[in-house]
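Trainee: Okay, so TrEMBL annotates it like this:
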type: ACT_SITE; residues: A:C869; note: active site, proton donor
type: BINDING; residues: A:R599, A:R655, A:E783, A:G804, A:T805, A:N806, A:D807; note: substrate binding site
type: BINDING; residues: A:E783, A:D807; note: Mg(2+) binding site
type: DOMAIN; residues: A:46-83; note: domain 'Pyruvate phosphate dikinase AMP/ATP-binding'
type: DOMAIN; residues: A:85-393; note: domain 'Pyruvate phosphate dikinase AMP/ATP-binding'
type: DOMAIN; residues: A:460-541; note: domain 'PEP-utilising enzyme mobile'
type: DOMAIN; residues: A:556-907; note: domain 'PEP-utilising enzyme C-terminal'
Protein chains: 2
Amino acid sequence: MFEVKALALWPGFRVTAKPKASAMAEKKWVYSFGDGKAEGAAKLRDLLGGKGANLAEMSNIGLPVPPGFTITTEVCTAFYENDRAFPAGLKEQVEKALADIGNSVGAHFGDAANPLLVSVRSGARASMPGMMDTVLNLGLNDETAAGLGKRAGDERFAYDSYRRFISMYSDVVLGVEHHNFEEILEYFKEEQEYSLDTELSADDWKNVIARYKERVQEELGKPFPQDVNEQIWGAIGAVFGSWRNRRAETYRRLHNIPESWGTAVNIQAMVFGNMGDTSATGVAFTRNPSTGEKAYYGEFLVNAQGEDVVAGIRTPQSLTKKARLEGNDKKPSMEEAMPDAFAELAATFERLEKHYTDMQDVEFTVQEGKLWMLQTRSGKRTAKAALKIAVEMVGEGLIDEKTAIGRVDPASLDQLLHPTLDPDAPRDVLATGLPASPGAASGTVVFNSDEAAAMRQAGKDVVLVRVETSPEDINGMHSAVAILTTRGGMTSHAAVVARGMGRPCVSGAGSIRIDYKTETFTASGVTVKKGDIITVDGSTGQVLKGQIPTLQPELSGDFATLMTWADKYRRMQVRTNAETPHDAETARKFGAEGIGLCRTEHMFFDEDRIVAVRQMILADDAKGRRAPLEKILPMQRDDFRQLFEIMQGLPVTIRLLDPPLHEFLPKGDEEIAQVSEDTGIPADKLTRRLAELAETNPMLGHRGCRLGISYPEIYEMQARAIFEGALLAAKETGAPVIPEIMIPLVGMKTELDFLKARVVAVAAEVEKEQGKKLEYSVGTMIELPRAALMAREIAASAEFFSFGTNDLTQTTFGISRDDAAQFMNDYLGKKILTQDPFVSLDIDGVGELVRLAAERGRAARPDIKLGICGEHGGDPASIAFCEEVGLSYVSCSPYRVPIARLAAAQSALAVASGAAQGSGTA
Amino acid sequence: MFEVKALALWPGFRVTAKPKASAMAEKKWVYSFGDGKAEGAAKLRDLLGGKGANLAEMSNIGLPVPPGFTITTEVCTAFYENDRAFPAGLKEQVEKALADIGNSVGAHFGDAANPLLVSVRSGARASMPGMMDTVLNLGLNDETAAGLGKRAGDERFAYDSYRRFISMYSDVVLGVEHHNFEEILEYFKEEQEYSLDTELSADDWKNVIARYKERVQEELGKPFPQDVNEQIWGAIGAVFGSWRNRRAETYRRLHNIPESWGTAVNIQAMVFGNMGDTSATGVAFTRNPSTGEKAYYGEFLVNAQGEDVVAGIRTPQSLTKKARLEGNDKKPSMEEAMPDAFAELAATFERLEKHYTDMQDVEFTVQEGKLWMLQTRSGKRTAKAALKIAVEMVGEGLIDEKTAIGRVDPASLDQLLHPTLDPDAPRDVLATGLPASPGAASGTVVFNSDEAAAMRQAGKDVVLVRVETSPEDINGMHSAVAILTTRGGMTSHAAVVARGMGRPCVSGAGSIRIDYKTETFTASGVTVKKGDIITVDGSTGQVLKGQIPTLQPELSGDFATLMTWADKYRRMQVRTNAETPHDAETARKFGAEGIGLCRTEHMFFDEDRIVAVRQMILADDAKGRRAPLEKILPMQRDDFRQLFEIMQGLPVTIRLLDPPLHEFLPKGDEEIAQVSEDTGIPADKLTRRLAELAETNPMLGHRGCRLGISYPEIYEMQARAIFEGALLAAKETGAPVIPEIMIPLVGMKTELDFLKARVVAVAAEVEKEQGKKLEYSVGTMIELPRAALMAREIAASAEFFSFGTNDLTQTTFGISRDDAAQFMNDYLGKKILTQDPFVSLDIDGVGELVRLAAERGRAARPDIKLGICGEHGGDPASIAFCEEVGLSYVSCSPYRVPIARLAAAQSALAVASGAAQGSGTA
């Protein structure tokens, strides 16, 4: 093995360890391509990276690819496993492959008279910005540059290439930043009174090159490497080294790319787009990546090398005449300027789409009229384009429906379902928080929920701004067009409820300071008062000053078509979490097949019933609780009747009261005084009861079924409301509803037994009173580790399980959602966690409990109905897991229903094709 | 099957279902005994109950037992499984067995001329007060009473027996309460101007009997049953029915007796202690159950039946002459009054002890000079007696050491290790709370910890009275002789810390109202002021007015002997949870073999360091935290040095900082002002930082290793203090300590890796600075469900696991210890839980996670050291589980060390003998 110690300095080769076995020495590290054939192919993407695999594939199908070779991702792995030393055998294989390229193009690496120049590019399995990208023209030094000039008969071209090489190599390999060279060039041009680079002559470039080399010497204390071998190993080392630079790591974390994949290195004979006006370089998409329209899309530059396009120094020209006319471009399009090369390119586009059956993103160079393909890959696209391309390609016969389903990222649908800010409108960003609930809206700032409701009634659009929200704010949140909080994460109360309601929400905007007293907030030095207008963009997390125009979502024909296909191939049902008629209707519109979670406590906060709820909580005994419960009964009955009517025929799972009672009580002296007046309960009694109900850890306190056991009359009232509501709805709609009554927070079978007996007794009473037969089932949430472990026992009594993965994640990790913000970012930053387990299910830990519970539950009751109703029910990766475990349904907030439908279809297809899913957290 | 609908009314026999199979009809429901032989034996205790099994056993070894039979516990099970109907075949078997008794004694059940009378008694597997106990003289009615009188030649005896039967049967079977009959008898005696029952003649009894029967008719609306078959089936039904009466259920819950065991019924020919002055009845122990002394112990009554002894109407006489003299008894002892019968009884005692190899508790009757044995069972005894008997029986060669170890209930040792209230002193109980930490002490009431410390320094014994305690009260708790709180359960902060310190504590005394402002509390209408003296009995939960004298514990020779034997046979090590030198020394005295849990945060509260701790918490960045950490370093180093010196050579496990930082900060404006003065940090900054640190669910918040990851410099300081302390102690004692550094609250391997790397780096630094080699290990708590599930991965980095079953129970159940008091009693009362999982490990749920983690941890690291350091480490049932799982050690509070040593020995012996343990919660 030989080592690359510091990437900016070439220490020479040093063998640090003998090859362990001949097998190692013989290992194939290098795969060559070009000349209409290749050792690799597209399917070797894991080994060759995306770029390398596609260069091989293009060679194989006879496209013009400059000859070259790929150093495999296994070398990257070996490099890091061996403390940044290259594996044995690599040196020889690279030298041989370089010689082969030379033989192919008739030039030789380092040959003074006839030098081979190469490009060196990284290429991971997935496209990865942030890594070292490209070094062009490698192999040039003072000698070979002179030789190249002579051989090409174009000295200017040779020195232009050399100066490009020095600045590029120095920047990405030696760490001498680009601005050093820009400064020198700018200074030289001023000196010579040039305005364009093209004005520089060969001698001018020689002069610039001398200054470049001086600067490198100054910065590094050693000269720019003249040895071409030192150049090429330096570049290879730089590619591998960049796999773990900070930007690459950040990108991987954000996109869940495992570090273990590694990158490949592609080394390829140079072709020159800078050999005069019959040469050019360009980038293109085979279709429009923004709209999905079937039209070539791209740009090119005459007499240029690849980096000129990216650098934006010169304005590139359009590819097609049509695009030129649409863009009011003066300069000719490639179609007009280089008709032959363009025709070959267009033919190549068709060839590529047919071969890859997907829209491609390509790089090409034209050298003296001849087209060379330097890269092809599936093109990134907007959600809208993805939809259009997928649907149209089915129409064109390129792909089938199943493939089309896999071509759209479910999460990206969010962009299509919510209003978005007009991308062309100017933005004045006050602060950026977490993108907690997508969509954008503008409104008048208010700081409390009652006022939000009042202003809404007065016809105003309001944005509710709070430090954090609690269940008492439900009304205000409903009244607001958007919600902004300064505390709490992606799964804080505000975020969860806002997503459920489809309201845009930015949470945890920590740089905003709210002053409730003066009813103002300050951010970025600006003070915003109550009544001012702001815009909240829940898709990006931005909080903006003033009103920004928005674009309304179009649930276009392509969307509907894809959803129909998804529904055809998915196995799991998709339900919604909903408790208001509005949410239930929205969800139906989005295709929900029932309600998976109706949180009854949300029905307790309405102004006309909170008084009765409080009287119930403050009563001294069961008898005292019954009177207010009787007041609440008809209201709850009506809640359920409405939901049942909307969901006619579809299943509705109703969770009985879950949160600790103190959530319903007033906070602070003022509120207490008000409630005392409303309820007639003395303030001191209220205060005492509040103190009694206060809890150290309410999440782990007197809530869920524990309330039902302490106060059975509450659950009895709720059961009665459900049964009576079901009978009313059945009479109205003729489609009888089969309510699924769900007991929350069960950890022991005895808890469920105790409460199920009471629900069954109430059902019997209602049946007797009304002379009708009721159909219903009683089941439980599995949201505590103990419930998962004891699932076999619990399933003896539970007719269904619904995995409450929010709480299950909290207890399995011992992390409170409400408090996680304190350290979650730190954890993600320090790579302790690769993803927030409240956003995407922790498959290793929480997932194992789900798996165990499913197995054990089925062992006791083979036909047990299993679903998931946590936030994860709308997360594609989590849905894939649910499919693997074989759940019956997922339930998510209304706006996530389409996402879940698509993700469920993808998961079903993946499971059917045997592609196992699964990702780890730690 | 035939049914017993209401136990008080005999509905006749009704066959409700046909026997399912001939196997059922042939099942043996009845086992007979007597006449020197029996169908059963002692080993059939599960089937025959304790009483029935021992009656059979006594018959088998030739002791004089009146003939009878046992209806098995399987009948009880069948009875409840079949909605209180008796199984098929029972009727015939009982009739046959009754006939057999009749043949044996030459009398016949229901025969008017020569009636057989029987007793009917319950008998469960374990002794169970609260159930229907005994009906004597069953088989008497108007006819048979007359026949009995003639045949016995003693009419008075016959009618005395008849009246006893009517009142007893009516009370326990028919539900006509005893006082009805007492009133009639008292009234009759007044009428007749009698003072003693013995003054009543046969005719008097007839008169009384007539009135008894009238009263039964009045109360029930039907006559007292004259049909002897109705009588016997009513009694049998009453025994089975009483298995589920409220008192029996309460008893079972308190003693963890499964309801599924059921009770047996014993029916036995009557022998009569009321046939004149050569007849008697008595109860006795073969040794003194209070002291353990080897001396017969008991009492008897001449011319009486069993219930007279219990009823306490007449004063019983001593058994032995020695006891009579010691008790200054006037009446002769049995030894003197009935020398022959006594000699036979004494011989029986010796026989029984030899046969059962344990102290026996017997009932006997002498009928006309002949001794009959009615019951024998292992006698209940005090902890002190249990110790003495076990040790002496080894000396006598009756049992071996292993058996002796099993004879002492480990939990009962608590009685011996703490001061107890003088049982003879009068008590004025103010309130009763939870017996949170055993022992008793009296002192002056104070309401805050600072004052407690000050008064302690002034030489006063103080009792700290708080609503609840927090880590800030540690100093005050140390200064107090006892602690009283009005909130919190058996595992509240106060309870846990008090047990750790060996301070008596009563927690959750909810009827006490504290008024901090006036420094008073009220209870039972009494107001207690600061400075008043109260007594706290942590063994019973009582809070008493004034000073009550206490008895000091004697760690006598028997105690030491038993402990030596226990140490010989146990496999698991016993460590202690300790952080102060005092606790560490106490634990060593009690036999601790190291420290299993040293909670470093307890060291942060000392007055001289809390200022620095607060400065650290309030610093703005890592740099700001380093200065105060440097102030704390030498103090922590000295803490560890002291512990290491005390524990020389023994392992010491140190947990790095665990609780959320806000626990160290002041609460309330006054404290904030004080701290602002102490630290020089402005009050508003303090207030802001407090708000930032406030958490919704601190248990699930920013604590444990999450602090270490956010603020690595804290753990680095602690690691340095440990390593430097270890080197100092090694130098001082020559016995090098190998510290075990424990990272708390790990849920992911990445957390442990991150922190372990820092600990290792600090160790390397210290080694380099001091030029010495350090030996240490780094491990983790397993206290989150995810840690248990991921144990295989975590064990790759962790050199040991310590199960923190307190937190693991909290997260597995989703129950906060601090808040559980709200519903835990309700849960126990409603049988949702059979035991508090914070007191005894929930083997089904939490235990499964422990088992999984042990398996998985060993799979990755076969020699991984496993221990438990939760409160359960001192609970015998939990220790048995730890032995089964094969943990290396248990760690518990110092005062629980002897309990753990004994329990570990019992568990090791049980596992060795293949007796599987295990109990369920739900």
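Using N, Cα and C of the backbone, Cβ positions are placed for all residues, glycine too.
What's the neighbourhood like for these features in this structure?
Mentor: DSSP assigns A:C869 (active site, proton donor) to coil in the three-state reduction, outside any helix or strand. When Cβ atoms from all protein chains are considered, those within 10 Å of A:C869 (active site, proton donor) total 28, not counting its own.
Residue environment of A:N806 (substrate binding site) contains 17 other Cβ atoms, counted within 10 Å of its Cβ in all protein chains.
The local packing around A:E783 (substrate binding site), expressed as other Cβ atoms within 10 Å of its Cβ over all shown chains, amounts to 28.
Applying DSSP to the domain 'Pyruvate phosphate dikinase AMP/ATP-binding' (A:46-83) sorts its residues as follows: 24 helix, 4 strand, 10 coil.
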Trainee: Which residues does A:T805 (substrate binding site) neighbour through Cβ under 8 Å, counting only same-chain ones at least six apart?
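Mentor: Residues satisfying the criterion: A:E783, A:L841, A:V846, A:V850, A:I868, A:G870, A:E871, A:H872, A:G873, A:S878.
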Trainee: Calculate the per-residue pLDDT averaged over the domain 'PEP-utilising enzyme mobile' (A:460-541) and state the result as an integer.
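Mentor: A mean pLDDT of 88 is what the predicted model shows over the domain 'PEP-utilising enzyme mobile' (A:460-541).
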Trainee: Take the domain 'Pyruvate phosphate dikinase AMP/ATP-binding' (A:46-83) and find every residue of the same chain, 6 or more past its ends, with a Cβ under 8 Å from one of its Cβ atoms.
Mentor: 1, 3, 16-17, 27-40, 90, 94, 97-98, 100-101, 104-105, 118-119, 121-127, 236, 240, 243-244, 260-271, 348, 351-352, 355, 370-377
Trainee: Provide the list of binding-site residues among A:R599, A:R655, A:T805, A:N806, A:D807 whose C-beta sits under 8 Å from chain B at the C-beta level, in sequence order; use 'none' for an empty result.
Mentor: A:D807
Trainee: Using a 10 Å radius around each Cβ and counting other Cβ atoms from all shown chains, which of the binding-site residues A:R599, A:R655 yields the largest count?
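Mentor: In terms of Cβ crowding, the pick is A:R655.
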Trainee: Write out the long-range same-chain contacts of A:D807 (substrate binding site), meaning residues 6 or more apart in sequence whose Cβ is under 8 Å from its Cβ.
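Mentor: In sequence order, the residues whose Cβ lies under 8 Å from that of A:D807 (substrate binding site) (at least 6 apart) are A:M699, A:L745, A:M781, A:E783, A:L784, A:G870.
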Trainee: If you draw a 10 Å sphere around the Cβ of A:G804 (substrate binding site), how many other Cβ atoms fall inside it, taking every protein chain shown into account?
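Mentor: Excluding its own Cβ, A:G804 (substrate binding site) sees 27 Cβ atoms within 10 Å.
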Trainee: Whose Cβ lies within 8 Å of the mean position of the Cβ atoms of A:R599, A:R655, A:E783, A:G804, A:T805, A:N806, A:D807, the substrate site, other than those residues?
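Mentor: Neighbours within 8 Å of the Cβ centroid, excluding A:R599, A:R655, A:E783, A:G804, A:T805, A:N806, A:D807: A:L597, A:D658, A:P744, A:M781, A:S802, A:F803, A:L808, A:C869, A:G870.
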Trainee: How many Å separate the two farthest-apart Cα atoms among the substrate-binding residues A:R599, A:R655, A:E783, A:G804, A:T805, A:N806, A:D807?
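Mentor: Max Cα-Cα spread across the substrate binders: 15 Å.
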Trainee: What is the nearest of the binding-site residues A:R599, A:R655, A:G804, A:N806 to A:C869 (active site, proton donor), using the Cα of each?
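Mentor: Closest by Cα: A:G804.
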